[in-house]
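A.B. asks: Would you mind keeping the following structure in view while I ask a few things?
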Amino acid sequence: FPADASRKHSKKIFFENLSGAGKAIAVLTSGGDAQGMNAAVRAVVRMGLYVGAKVYFIHEGYQGMVDGGDNIKEASWESVSSMLQVGGTVIGSARCKEFRTHEGRLKAAHNLVQRGITNLCVIGGDGSLTGANLFREEWSELLGELVKKDLIASDAVQKYSALHIVGMVGSIDNDFCGTDMTIGTDSALHRIIEVVDAIMTTAQSHQRTFVLEVMGRHCGYLALVSALACGADWVLIPEMPPEDGWEDKMCQKLSANRAGMKRLNIIIVAEGAIDRNNKVITTEYIKNLVVKCLGFDTRVTILGHVQRGGTPSAFDRILASRMGVEAVLALLETTANTPACVVSLYGNQSVRLPLMECVQMTQEVQKAMDEKRFEEAVKLRGRSFENNLKTYKLLAHRKPESELPSSNFNVAVLNVGAPAAGMNAAVRSAVRVGISEGHKMFAVSDGFEGFYKGQIKEIKWADVGGWTGQGGSLLGTKRTLPAKHLEKIAEQMRKHNINALLVIGGFESLLQLYEARGTYEELCIPMCMLPATISNNVPGTDLSIGADTALNAIVETCDRIKQSASGTKRRVFIIETMGGYCGYLASVGGLAAGADAVYIYEEPFDIKDLQANVEHLTEKMKTTIQRGLVLRNENSNDNYTTDFIYQLYSEEGRGVFDCRKNVLGHMQQGGAPSPFDRNFGTKISAKAMQWISKKLVETFRNGRVFANTEDSCCLLGMRRRALVFQPVVQLKDETDFVHRIPKEQWWLKLRPLMKILAKYKTSYDVSDSGQLEHVVRLRPTELEASVAM
């Protein structure tokens, strides 16, 4: 890494003054395990050590805290090596009845005071976090009892007067209010979608119906989002039980889909699914119903604990690493009067929320469900959940032709640029929402090249069935920009009477169309761009469709490459990633894979930096570290090529480690889209089509559509907490067109975090870290980022 970290950011508050010297932090995982917990533990340990605190593992959750002894061990830097890619929790988790008793908590307090621990980082669900808060509230009383029993000295009461607690939510169910995503949810979705994709191939062969049960005793998030991600025919969740008579409606839907040449049906059921009378709906009941009413060959698959297993996804590793670092910062800043807080994700930003406010709201959801206030329960789950449900209903259930509004508008959709996983999900969503809004939808093949050649045809509801899980671009996509073919494009728009345009891909094409409006009146129509590129280099958005799938491909490959060296002598791998001049894939992939160094164009580096990195890695290799990982973005430097860096490391590391190099290439563009990309593409596309419908009505005058204002040609992007429509002409000043990257990139703030976790001394900007907020203020506008799945 270059020695001067994050030097592009001017206004900074560094944590150098937030010293952890003299503090002891303990980390524990409690309740059900979740993939990504190890990444959180690793981040807490390394960040804690970095700021000078002592850090302890508490093995086996609260049981270990009560039992003490070897269950509470001091952690070292090396003790969390090689755990980033491991599922579950390596420090163990257990449900502890004893901690629920006063006597049990007294034992736990004694064990902590003996080691001087007054800072607890708890990773678990709402039960674990509620227990931690009760422990905190009783702390003074417990210390008083320990003094009376002569188990601790009287001065210890003053010395350890307050217990500080920060929580991180680890739960695959995503059932905790106050955060868009809990640690483990994305990985659980990966497991579900892997199974559903596999089942779909066999179901198609035999024309079968499959009923899948997924986890979620009290929360239907996994069922709902996996149904959205695979285009399931029917979904049953506890928050929104089906109306009476749902059985007939479901069978009619399945029958209609088969009649429309669909060879399979998928029904997804949350394990806690109920009907309006609180009667449990089982998979066996649904199977018997389908067989009896329709005679379809029907099978049941219960996924069970498969969903908890496997390696954590890239999203969960990054989320857990960011949350772990944020938790340590929160503990350093806490005072005796600070309430116990939980570190949460809202949109793309870390926030801190009072723990008990979140717990109370989570309990309110269950109360609303018990009292059959189902609409309220859905709202209490949060905007993300509510939008998922609305989007699913919009895309899965087609209205009869007689109920559709008649708009008489023609809307064209096309892909542009390189293929990105999730493009097909976005096209499917656009087509179905457009048809629901009463528009006639047209598909353009092969991007703008196909547009000027007239490869335009109407696309129907059934034409996009099964598109969600397909990688690449089924419409075809080319890098051709429209500037050289504007006349022919305008002619095709006139010929097909195109009234609005949805472009999925890069950003320059729409800017060229906007700038040509003065010459070609046909281009004076509402136009919207959805960012889709694996490089994540589109201005005006923090995330692009396809980037998450590419990150998972990189992280999975890095895991395999590192594992290939297990049991051999010390080895360093030099890996080249794609991304053009944008270092997003290399940097964020490096954070998720546990890289020792990452070279990117945005942070210039020289031979001194390379030398410092080699020396740093050599020092690490002399201890217990056996494998090193170095990532290089393909265009990071013209002269310091991957070959050059490989040769330099090979020469300078001679006698300590050997080197291997890998160029990942186009495997980063391929594969089935990740659950995140499927849902991100689906939801922003639905939102874009609703915006287009609104603009069409606004700009329809004197029998035609005419839109020539800046705000009628927009990019829909995610910015921090919000989904925002931004005029493309306004994004011009934010773009470095030579290198095809935005001038400001949010993820550069993650680089110092990555360096800290790789044992580099650096400065970390905490000006953007989460401040304590309140749950009620958390969802302020309708432009919320209900995007993190």
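Using N, Cα and C of the backbone, Cβ positions are placed for all residues, glycine too.
Automatic, uncurated: that is what TrEMBL annotation is.
So TrEMBL has the following annotated:
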{"type": "ACT_SITE", "residues": "Asp173", "note": "active site, proton acceptor"}
{"type": "BINDING", "residues": "Gly32, Arg95, Cys96, Gly125, Asp126, Gly127, Ser128", "note": "ATP binding site"}
{"type": "BINDING", "residues": "Asp126", "note": "Mg(2+) binding site"}
{"type": "BINDING", "residues": "Ser171, Ile172, Asp173, Arg208, Met215, Gly216, Arg217, Glu271, Arg299, His305, Val306, Gln307, Arg308", "note": "substrate binding site"}
{"type": "BINDING", "residues": "Arg479, 533-537, Arg571, 578-580, Glu634, Arg660, 666-669, Arg740", "note": "beta-D-fructose 2,6-bisphosphate binding site"}
{"type": "DOMAIN", "residues": "25-330", "note": "domain 'Phosphofructokinase'"}
{"type": "DOMAIN", "residues": "410-692", "note": "domain 'Phosphofructokinase'"}
{"type": "REGION", "residues": "1-397", "note": "region 'N-terminal catalytic PFK domain 1'"}
A.B. asks: What number of additional C-beta atoms lies within 10 angstroms of the C-beta atom of Cys96 (ATP binding site)?
C.D. replies: 22
A.B. asks: Between the Cα atoms of the residue listed as 'active site, proton acceptor' and Gln669 (beta-D-fructose 2,6-bisphosphate binding site), find the distance and write it as a whole number of Å.
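C.D. replies: Just about 29 Å between their Cα atoms.
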A.B. asks: Based on the record's binding annotation for ATP (Gly32, Arg95, Cys96, Gly125, Asp126, Gly127, Ser128), what whole-number value in Å is the widest Cα to Cα distance?
C.D. replies: 14
A.B. asks: Round to the nearest Å and give the CA-to-CA distance linking Ser128 (ATP binding site) with Ser171 (substrate binding site).
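C.D. replies: For Ser128 (ATP binding site) versus Ser171 (substrate binding site), the Cα atoms are 11 Å apart.
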A.B. asks: On a count of neighbouring CB atoms within 10 A, which of the binding-site residues Arg95, Arg217, Arg479, Arg571, His666 is highest?
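C.D. replies: For the binding-site residues Arg95, Arg217, Arg479, Arg571, His666, the Cβ with the most other Cβ atoms within 10 Å is Arg571.
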A.B. asks: Give me the CA-CA distance between Arg308 (substrate binding site) and Cys96 (ATP binding site), in Å, as a whole number.
C.D. replies: 20
A.B. asks: C-alpha of Ser171 (substrate binding site) to C-alpha of Gly125 (ATP binding site): distance in Å?
C.D. replies: 6
A.B. asks: If you measure Arg217 (substrate binding site) to Gly32 (ATP binding site) at Cα, how many Å is it?
C.D. replies: 13
A.B. asks: Compare the C-alpha of Arg95 (ATP binding site) with the C-alpha of each of the binding-site residues Arg479, His666, Gln669, and give the closest one.
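C.D. replies: Smallest Cα separation from Arg95 (ATP binding site) among Arg479, His666, Gln669: Gln669.
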A.B. asks: Ranking the binding-site residues Gly32, Gly125, Gly127, Gly580 by other Cβ atoms within 10 Å, which is at the bottom?
C.D. replies: Gly127
A.B. asks: If I take the Cα of Gly127 (ATP binding site) as reference, which of the binding-site residues Arg479, His666, Gln669 has the closest Cα?
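C.D. replies: Result: the closest of the binding-site residues to Gly127 (ATP binding site) is Gln669.
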A.B. asks: So of all those binding-site residues, Arg479, Arg571, His666, Gln669, which one's Cα sits nearest to Cys96 (ATP binding site)?
C.D. replies: Arg571
A.B. asks: Spatially, and counting Cα to Cα, which of the binding-site residues is closest to Ser535 (beta-D-fructose 2,6-bisphosphate binding site)? Options: Gly32, Asp126, Met215, Arg299, Val306.
C.D. replies: Val306
A.B. asks: For the binding-site residues Met215, Val306, which one has its C-beta crowded by the most other C-beta atoms within 10 angstroms?
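C.D. replies: Comparing the binding-site residues Met215, Val306, the most crowded Cβ belongs to Met215.
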A.B. asks: When you rank Arg299, Gly580, Gln669 by Cα distance to Gly32 (ATP binding site), which of the binding-site residues ends up on top as the closest?
C.D. replies: Arg299
